[in-house]
Amino acid sequence: KSCCPSTTARNIYNTCRLTGASRSVCASLSGCKIISGSTCDSGWNH
């Protein structure tokens, strides 16, 4: 699951993923993070 700090970051992440890039690369580019669980930390719920 990916967790992003803002809607803008989420949009960047989603657009990056559409290009076929990996989750880790897109998370790094957008400022989002990949977690192993199912619930994002407070403030990372985008």
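One-based numbering along the chain as shown.
Here the Cβ of each residue, glycine as well, is placed from N, Cα and C on the backbone.
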C4 pairs with which of C32, C40 in a disulfide, per Swiss-Prot?
C32
Could you check what DSSP calls C26 (disulfide bond) once collapsed to helix, strand or coil?
helix
Using Cα-Cα distances with a 10 Å cut-off, which of the disulfide-bonded residues C16, C26, C32 are near C3 (disulfide bond)?
C32
Near C32 (disulfide bond), which disulfide-bonded residues out of C16, C26, C40 have their CA within 10 Å?
C26
Over all shown protein chains, what is the count of other CB atoms within 10 A of the CB belonging to C16 (disulfide bond)?
19
